[in-house]
Amino acid sequence: MVNLLRKQMLSIPIGLYCSAIILLKICICSQFSMPSSDQFNKDPGAFPVATNGEPFPWHELRLPKMVIPLHYDLLVHPNLTSLDFVASEMIEVLVKDATEFIILHSKDLEIMNAILHSEEDLRYRKPGKKLNVLSYPAYQQIALLVPEKLMADLRYHVAIDFQAKLADNFEGFYKSTYRTLGGETRTVAVTDFEPTDARIAFPCFDEPSFKANFSIKIRRESGHIALSNMPKVKTIELEGGLLEDHFETTVKMSTYLVAYIVCDFKFVSGTTSSGIKVSIYASPDKWSQTHYALEASLKLLDFYENYFDINYPLPKLDLVAIPDFASGAMENWGLITYRETSLLFDPKTSSTSDKLWVTRVIAHELAHQWFGNLVTMEWWNDIWLNEGFATYMELISVNATYPELQFDDYFSNVCFEVITRDSLNSSHPISNQAETPTQIQEMFDTVSYNKGACILNMLKDFLNGEKFQKGIIHYLKKFSYRNAKNDDLWSSLSNGCLEGDFTSGGFCYSDSKTTSNTLTFPGENVEVKEMMTTWTLQKGIPLVVVSQEGRSLRLRQERFLSGVFKEDPGWRALQERYLWHIPLTYSTSSSNAVHRHILKSKTDTLDLPEKTSWVKFNVDSNGYYIVHYEGHGWDQLITQLNQNHTLFRPKDRIGLIHDAFQLVSARRLTLDKALDLTHYLQHETSILVLLKGLEYLESFYYMMERRNISDVTENLKHYLLRYFKPVIDTQSWSDEGSIQDKMLRSALLKLTCHLNHAPCIQKATELFSQWTESSGKLNLPTDVLKIVYSVGAQTTAGWNYLLEQYELSMSGAEKNKILYALSTSKHQEKLMKLIELGMEGKVIKTQDLAALLHAIARNPQGQQLAWNFVRENWTHLLKKFDLDSFAMRIIISGTTSHFSSKDELQEVKLFFESLKAQGSHLDIFQIVLETITKNIKWMEKNLPTLRTWLQIKI
Ligand code: BES
Ligand code: ZN
């Protein structure tokens, strides 16, 4: 999504859409519009009232366990003209405990008929018994009241006829439209269920632990195709020419993974080495952009089958680019759906970072076919078992299959990104209570994704790769087609022994590599579970404070907080009861080997074999902690960086820069010291380290520019242009070089043109003119495309031309770049026009509105406009997006969280108060307020320092 934010976080410029999760780096929490279950539990005798006034027989959000589903026969007939669907299902259930009712989830469905059949009814073709259906919309449940008690241990069949409109908000079974090259608008119908939206498409036991088999049938017209999780077995022709596709029965799976699509898409396909047919589908005119995804998914599926030592269990896998999509992609088993920009790759307009993004998303969703689909978390509180793992597997698999993308080098950014969120008091533990659909939705945040991935990476580093892999194979095999909890994972990882391995003293050794399987701490009895629960059940990130006295290192752990300071009265209370088991790693000036020590207590001492001039903790930034070097610690490190930075590994240099600026936010280090640390960057040879340093300096520039602090803005501009001159001057406007060369080129030229540097503007203008003169046919280097467009968008003619091209373009990658460029205009009326187009949803799709508002809010000339628009059009926005949707969360945080003044804070507070008064309670309010407060404090403390530092340097 909005390039700027992602760039800030991943140092990779990307198109307008990036993951909603990544965008939501400041997390988001709860809106609870339903009565809380507590309210009901106070009086267990009092039952809720169904819509018809009768008592509803169940009063909990979670379904009872006395009836469980075994099999669903589902027939769906969507009408793409009238935009509704009729459907019927037969659910085979097993009664565990005798009962007089069955509770199911159902939301916004019109139930026409419900009949209960006993096994006997079916055997003797008896008619079955009509069920009385009660509905309790607050909990999205229906109750089927049975005339006679259902008997324990017997199976029954529940037949339900129902219908509904195709949704138009990307949820449940919804309509999506696209425009053909010829200008015709076509409609498709598609599902998107996770986490709690299967219930909008068919009545079901919509909780992840109610796994069942699904036999799906779809009716369609002959001009369309239907796709579902499994391959089609047959098509039968019905009266009137309608066709009915029957799909093979699925393996046992959760409802949120069911999927079906009716469309007229085209595909390319190939076969993996184990014989799985993989196909990539897209709307007909985008077919030519599917080839890269096919190559990548074949490679990645092969990789995962090998790595997990478990075959992909279905005969086929389809990956489909959907024109309107709420998130980035969804891992439905056998039928993965993607936002177009997350799957399609257009060699003419997709940049290197677009390629990395597509590869990552494919890798992520394929990883879910094991982590999530085969083994599913018991409940949504542990969604990190799905998302943290899938995010972590991106790293493992992309490294192995596309080493040239050098994704490994970016991984620390995945961790840095969540640290910003996790160092606010409003963060939450990875494993967190979530009951209502809103709370569940809120669990899909950077804490589950990124922190989950980072603590897994830390654990892998601690155990070693082989043992880690064995452990997860063990976990996946043991819990296949079942559900798992945190503890199940830790048990599997503590004892990674598989059958055939030799176990001794709690460790296991495989025949092949005896030594590498042992834990790396022979002398210590390390309990994986004991250690890992300190990371999953506590929120926040630890700060390790190191002070050196001769050969002795004194260590102390604290909870790291970036907006509350040690001198604040509330600080102590926020520290209480926090303790992590931190697997520390370090190297020293006299030994670059990786030394290890587990810090389990608040304080500890380490004795080094000899006196060293410096010690650097957190080798390769593999650990999830920040390090502060007290006394002369930082000075010694800075001296070493200036003398010979190559004594530290590149990832260590990145870690030092990151930690130093984090410590500035926490008022543990002065800004000038952190800036001094970046001064050696003139000699930096690693592009990634350079990018990291640049990222901070650039972010200060944007902060100053947004606040219109012109003296500092000007001085910073001169400093940046002078300081990075040698490297700016060597940039070419081409697509040449390694991935890192390209990343550096994009980042540097983008900044340079933004700073209005004449040679940059001149070259971009020249390329833009060539492009317009060729009527948009000229292929410009893809890695600088966005910069060229952004410079071009600064004139009215250029802006108008870009908008025309936006409408015509068939490449999502290009459209994102154009939309970003359009949003950088300095003219309010142009920015307003974009917002209007986004609200209209034709030229700029509704799926892109949140990202657009966010992009405009990042533009100094657009920030007030976007913010005012959101406040004034709140009810209009609510008609498009649910309050707890990703889009709304991005809109709220995207248009407010960069504010850094007291007046702005007051405005935001007032707005949130007014929403609360209307009954809208979102935890994101708290997160945004905490972020703005933190920004204000940063400014108060650091603006004078920055000003003085620049005056000296300039
Ligand atoms: N399972 C999610 C899709 C999802 C997200 C469902 C949020 C419900 C709520 C999917 O695997 C996913 O994580 N998608 C990401 C992209 C990924 C590469 C980070 C997304 O949609 O942003
Ligand atoms: Zn995911």
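Backbone N, Cα and C atoms are what each Cβ position is placed from, and that goes for glycine too.
Quick caveat, the model's predicted, so the values are computed rather than measured.
Binding of Zn(2+) is annotated in TrEMBL for His364, His368; the matching candidate from Glu378, Glu387 at the same site is Glu387.
Every protein chain considered, the tally of other Cβ atoms within 10 Å of the Cβ of Tyr449 (site 'Transition state stabilizer') stands at 29. Here Glu365 (active site, proton acceptor) is positioned 13 angstrom away from Tyr449 (site 'Transition state stabilizer'), judged by their C-alpha atoms. In the predicted structure, the domain 'Aminopeptidase N-like N-terminal' (69-257) carries a mean pLDDT of 97.
Around the Cβ of Glu365 (active site, proton acceptor), the number of neighbouring Cβ atoms within 10 Å comes to 27.
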